[in-house]
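What follows is a short report on a single structure.
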Amino acid sequence: MKIMNKQSITIFLIICFLINLILSCPNYPEPIKINQNDPTLQKAYKEVDEIIKKGMKDNGIKSFIASIVYRDEIVWSKTYGNVNPLDENSPPLTIDNAIRIASITKTFTDLMMFQLRDKGTISSLDDEVSKYFPEFSIGNLYNTKKSPTFRELSSHQSGLPREVPCDFDDLADWDICSEEVIIERLSKMFLIMPSYQSTHYSNLGIALLGRTLAKAANTEYEKYVKEKILFPLGMMNSSFYYDDVKDYLAQGLILWPNGSYTISPVEELGWSNPMGNLYSTARDMCNYMMFWLNENPEILDSTTLNEAMSPISLLNDGDTVYGTPFEMFYDQANSIWVKSKAGQLSGYRTQMALIRPLKIGMLFSSLLAFQTPDVFTKAASEILIPVYEQLLYEAGSQPQSPFIPDSKLKPTLTTEKYSKEIPNDAFVGTYTNSEGSIFIVDNSTGLLIANFGDDNLFNVSRFSDQYPEILRIKVSNPQDYLCRYVVDGSNYELVYFTITSTPFGGIECNSVTAMGQTMTLASKDPQYLKNNNIEFEKRNKLISKFLQ
């Protein structure tokens with residue numbers, strides 16, 4: 001009986017731990033420079049290597065390219081096999097051999113869309129495609145008058161059929177599969193479902209998106225991507241055209257049912273290029289991943305980059321999400337989202353996976369199309385994430401704050417209101433109003449900590465050197481709360497103090513506005529309410545209102 005009781009207690013504690021893990025809101029260490037030669041990290045890379053080799057063996061893959069980036073550098077890469085997998089005398093693969101990235105091309109098309117929206121070339125992502133491409137039409141028998149929009153096309157929510165209405169073997173022929181032919185065929189077809197009824201992956205939608213964007217920008221799609229995306233990112237060995245890369249193209253294979261292999265023919269996509277015809281190298285794609293993991297305002301505004309990587313549609317499995325056009329999955333083991341895009345054409349299967357909170361990116365490419373849920377990136381991420389988090393914390397990394405630090409705030413031309421820094425002591429005190437609102441600032445630990453008269457604590461930090469009277473509050477331990485509390489409550493709010501000068505040249509705060517409520521200083525003592533047994537009958541009313 002005693003043994004059973006101990007077992008029951010152990011099981012209960014495990015269940016409590018798992019519930020807390022599931023219900024808590026994870027936070028991640030700030031990506032800082034770490035020692036890439038650390039034995040723990042080198043062991044992790046070796047395990048990734050073993051995963052790839054096992055996957056190659058299990059799926060009959062003869063040649064493979066893998067690269068991992070962290071922050072702004074390639075930290076690990078390895079190639080397996082030869083440029084021609086069927087010729088042992090062929091040169092060994094390198095990360096400078098071209099591959100077909102197939103549907104990863106869609107991320108370039110969507111990036112073009114965000115650029116043109118930000119420039120004002122298209123006025124809104126919710127503009128209907130027909131506004132810029134009046135020749136396009138498709139039948140609609142549903143109870144809606146709306147035609148597909150840029151946002152719907154870019155995120156597979158348009159209800160368009162999956163494929164361009166042209167035989168695959170003819171796509172490269174601009175006469176057989178000309179724009180006029182495709183548009184004429186579409187005019188006799190119908191939407192397969194209303195927009196936003198369900199995610200329906202559509203190569204046609206992205207091809208139409210790219211061609212419509214080109215019309216809006218009065219240019220060719222391929223020319224735009226080359227000049228506005230590829231070259232600015234240093235992707236000089238990437239192209240939409242076979243002739244540009246044929247001298248360094250890695251050869252893809254076809255594996256037949258009888259176990260034999262042949263070199264896959266290269267069939268280009270013509271009008272459908274925006275959906276999947278970009279050739280690139282692993283080195284070039286590392287530059288591309290580093291763009292998504294970091295910031296490059298010359299390519300895309302940082303706020304738009306966040307928008308571009310946001311979810312659009314949650315699938316019924318509860319942990320898979322479609323974006324524009326990233327396909328995202330939640331790594332349950334490590335409590336983190338992985339933003340991914342995979343592509344497959346005859347002879348090639350490639351996946352780009354981005355773990356943006358940690359600034360880790362993976363580009364894995366097989367010179368053989370094969371059928372598995374991913375290109376080994378999920379297993380690799382499950383190894384890399386905990387190791388990186390451990391090493392980051394050991395290196396002194398602090399938990400992330402998603403707000404913009406002072407170094408990234410836009411300078412203003414206004415004169416600062418205060419000529420000297422406001423000391424932390426000036427903010428300390430208990431602030432109240434007649435409605436029962438409470439805001440308490442304490443620095444007894446050496447750091448500014450705030451609360452709204454309850455047990456939920458907030459770290460307090462400076463907002464900007466230009467506005468020293470404005471502070472920011474952040475939930476002290478977000479991992480202890482539901483994510484809903486973290487995003488729905490007062491987390492990351494700004495609080496505005498009224499500053500006055502004392503007769504002896506000092507500075508004091510006599511009121512504060514927090515969460516829209518203005519409160520005056522009741523006492524410089526943060527324990528004022530508790531020490532005086534003061535209760536405000538409305539004190540919890542406001543608090544609960546903002547936590548609902």
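Glycine is treated like the rest: Cβ placed from N, Cα and C.
Given the structure is predicted, the values throughout are model-derived calculations rather than measurements.
The N-linked glycosylation site annotation in Swiss-Prot covers Asn237 (among others), and the record cites sequence analysis as its basis. Note on Asn237 (N-linked glycosylation site): other Cβ atoms within 10 Å of its Cβ, all shown chains, come to 17.
Summarising the annotation, Swiss-Prot assigns N-linked glycosylation site to Asn258 (among others). Long-range C-beta contacts of Asn258 (N-linked glycosylation site), restricted to its own chain and to partners at least six residues apart, with a cutoff below 8 Å, are absent. Mapped onto three states, the DSSP output places Asn258 (N-linked glycosylation site) in coil.
The DSSP secondary structure for Asn443 (N-linked glycosylation site) is coil. There are 15 other CB atoms within 10 A of the CB of Asn443 (N-linked glycosylation site), with all protein chains counted. If you look up Swiss-Prot, you'll see Asn443 (among others) marked as N-linked glycosylation site, on the strength of sequence analysis.
The annotation N-linked glycosylation site is assigned in Swiss-Prot to Asn459 (among others). For Asn459 (N-linked glycosylation site), the same-chain residues lying six or more positions away in sequence with a CB closer than 8 A to its CB are Leu447, Leu448, Ile449, Ile473, Lys474, Val475, Ser476.
Under the heading signal peptide, Swiss-Prot lists 1-24.
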Between Asn237 (N-linked glycosylation site) and Asn443 (N-linked glycosylation site), the C-alpha gap once rounded to whole angstrom: 56
